[in-house]
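As C-alpha cells, the structure follows; a few thoughts come after it.
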Amino acid sequence: MFLLNPLLLLSLLGHFSLLASSEAISTTTTATTHPAPASIPTSNPSHTSPWRHNRTRESSEIHYFLKLFGWLPSNTTLPDTDIPSAIRKIQKVLRKPQTGVYDDTIENAMAKPHCGTEPPYNETDADEATVVDASNRTLLAKRYTIWGPKWDHTSLTYRFINYASDLPPERQRAILATAFSTWTSLVPLTITPAPPSLAIPDIHIQFTSLGPSETAYAATSMLAYGLSLAAGLINITFNSDYNWSDDRLFNYTALHEIGHALGLSHSKVQNAVMWPFYDGTIRPMYSDDMGAVHQLYGWRTPRWSRIGADSGTRGVVEVSSPSGSRVELLDGLYQLRSNGQVLWYSAQGSWVSVDNNPVTVQIAGAGGNLYQRHADGSIYKYSGASTSWLWIGNSDSNIVDIIAAGDQIYQRRRDGWVARWSGSGRTWHTIEQPLSSRQIVVSEKKVLYNLQTNGDLVRSEWPYGNGWTIIDQNPAIDSIAVGGDDFYKLHMNGQIFWLDTAYSLWRLIDDAGAKVIFAEGEFLYCWHRDGGIWRYTGTPFVWEQLDGTSNSQYVIGDSKGAVWEMLQNGEILRLVS
C-alpha cells in the first residue's frame, strides 16, 4: 500500500446533473484551519514596484518555482512553448484549475516568504508520467530526499556561527533546540550543540545578507553532492535582511531547514512543514514530513507505548479542538468501559474517572466538549468539574447515536431526522427533512454530510434549512469521514476517495482494501482487515504504515497529529515515534 499505482484516477460525481437545480459544489479549495496572523513577516527591503503582467518577471517566477522542487536542471531556460505546461504543473501542485495561464494564485504564492534551497534536478519526480508501485521504494526515496544519501552517523552536532541581531541569542538557541528535537522524536538520531572542543560540527548555522532583491528567508546547502552527509558538509543560512523579531518565522524556518539538513527535499503537500512557502503560521509536523523522515532513517523505538489495558474498555474517543485554535480544558483522550465508567487520560499518564454510570452506552467529543448518551437516549454534557454532567437531552428511544463536531452536538434518529442541540436547556432543532440515514459527519465549517442506506450521499450547509444537496448516488459507498473541511468516502471494495472541491470531482487516493477510515483535522487514517493501520501522506496512493498487528481494532487521532490504537483485548496504545 505504501506505493501503489500513482495514476490519478478520477470519478465524476454520481448523477452530477442533480446539482444544477440546487447548488454546485464549491469551486474553492479547502481553507486553511490556522488562524491568520496580524501580518506575515516580510523581507527588508521588499519589492516596491508592481510586476503583474511583466512577462520577464512571470517567467522568472515560473522557473524559480520549478527549481524549488528539483524539476528544472541547472542553467536551463524553458522555451516559450513549454511555459503553459509548466504553469499547469505549478497549478496542479497548488491544487488549482490547470489553465496554463499565469494567474493570481501563482503570484500570491511566490510573493510569500519562501525557502531558497534548490534541490538538484530530480528527473524521476519531474516526469509526471513516471509509474511507481508498491515494490519500488527507490522512487519513493527519490521523491523524499534532496541530495540522495542520509547521514553516515546517528549522533549529530550543530553550531551557531553568528546570531540574528533582532532576537535574543538565548531565544534563538531555544528555538533551534526545539526544532531539532521535533525531528529526532521521530527517528533514531540525536542532535546536540557541538562542544567547544569539537573542531568541525556536522551542521553550521549562520545569518547572512542574501541581497536586497532576495526574498528567500533561508537556504540550506551541501558542500558536495553525491556523498554521504558527513561532518561540516551542511550549512543552514538565514537571511539577515529579514526581521526575525517575530519568532513565528524563525520557528517555522528552523523546522523547515533542519528537514533539509537531514536530507529531505521540498514537499508538494501544502500542509507539510517541508512545503517551501510560509503563510505566517507555525505548522505542526504533517504526515508527509513524518513519512519522509521515517523513509530515510526508520522509526525511533519503541514505536508505540501502552497507556491502558482493561478488557472492559468499550471504546476510546479524542476530544480535539480545531487545528490551529487554542487547546481547550477538556481536550484529551477518554475511554468508555462496559460498566459505564468514563475515564480521562491525564497529563501525568493516569486514567481519571469523570463518571461512573452503568447506563452510559456512548461518549462523543469535539471542540473542547465531551458528551455521553444513556441507554434511554438521554444526553449529557460534561461540565469539566469532577463528575458533574449537564442534562441536555431528554430520554428518547428514537436516538441511534450522537455525533460531536466543532462546537456542536448532533443526534441521528431512527425516524430519519437529524437534530442539533440549541446550546441551552434540552431544546433540539431538527435539520432539513428526514432521510433513511446510515451515517452522518460534520466538517469544521459545520457542513453536514448524510450517507443514506441506499448509498445516496447528501449534504446541508450551515446554518442549514436550505434542503439537502445530492453529491453522490452510489450503493457501493460503505462509510464517510471528514477531517477539517476535507471530505472522504470509503467504498465496499476498499477504495478511498477524496472530494476535490477545486474541480467538483472525486479523486481516488487508495485502492488497497481499507475496511475503516478515520479523519481528524488535516490527518486521514485507514484500517485494514489484517489489522494494518496506515496514515495518508497527502499524495494519492502514498500511505505510511503505522502498525500491522493482527489484533488491532481501530485507530483514532487528534488535530495535531497524535495517534492512538485500540486492540481487541482492550489495550490502548499511543504512537510515540
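Note that the numbers count up from 1, one per residue, in the order the chain is shown.
Just so it is clear, glycine is given a Cβ too, placed from its N, Cα and C backbone atoms.
Database features, via TrEMBL:
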type: ACT_SITE; residues: GLU257; note: active site
type: BINDING; residues: CYS115, HIS256, HIS260, HIS266, MET274; note: Zn(2+) binding site
type: BINDING; residues: ASP166; note: Ca(2+) 1 binding site
type: BINDING; residues: ASP202; note: Ca(2+) 2 binding site
type: COMPBIAS; residues: 29-43; note: compositional bias 'Low complexity'
type: DOMAIN; residues: 147-299; note: domain 'Peptidase metallopeptidase'
type: REGION; residues: 29-54; note: region 'Disordered'
type: SIGNAL; residues: 1-24; note: signal peptide
*HIS256 (Zn(2+) binding site) to ASP202 (Ca(2+) 2 binding site): how many Å between their Cα atoms?*
17
*If you run the three-state DSSP split on CYS115 (Zn(2+) binding site), which class comes out?*
strand
*Note the mean pLDDT of the domain 'Peptidase metallopeptidase' (147-299), expressed as a whole number.*
90
*Give the number of CB atoms, excluding that of ASP202 (Ca(2+) 2 binding site) itself, located within 10 Å of its CB.*
21
_Other residues near the Zn(2+) site, CB within 8 A of the CB centroid of CYS115, HIS256, HIS260, HIS266, MET274?_
THR117, THR220, GLU257, GLY259, LEU264, SER265, SER267, VAL273, TRP275, PRO276
_Considering Cα atoms only, can you say which of CYS115, ASP166, GLU257, MET274 is the nearest neighbour of ASP202 (Ca(2+) 2 binding site) among these recorded positions?_
GLU257
*For MET274 (Zn(2+) binding site): intrachain residues, at least 6 apart, with Cβ closer than 8 Å*: HIS256, GLY259, LEU264, SER265, HIS266, SER267, ASP288, ASP289, ALA292
*Measuring Cα to Cα, how many angstrom lie between CYS115 (Zn(2+) binding site) and GLU257 (active site)?*
8
*Provide, as an integer number of angstrom, the distance between the C-alpha atoms of HIS260 (Zn(2+) binding site) and ASP166 (Ca(2+) 1 binding site).*
25
*Among the binding-site residues HIS256, HIS260, HIS266, point out the residue whose Cβ has the most other Cβ atoms within 10 Å, with all shown protein chains included in the count.*
HIS256
_CYS115 (Zn(2+) binding site): tally of other CB atoms within 10 A of its CB_ = 23
_Return the count of C-beta atoms lying within 10 angstroms of the C-beta of ASP166 (Ca(2+) 1 binding site), excluding that atom itself._
14
*Where HIS260 (Zn(2+) binding site) sits in the secondary structure, as DSSP reduces it to three classes*: helix
*What is the Cβ neighbour count of GLU257 (active site) at a 10 Å cut-off, with all protein chains included?*
27
*Could you give the Cα-Cα distance between ASP166 (Ca(2+) 1 binding site) and the residue listed as 'active site', in whole Å?*
20
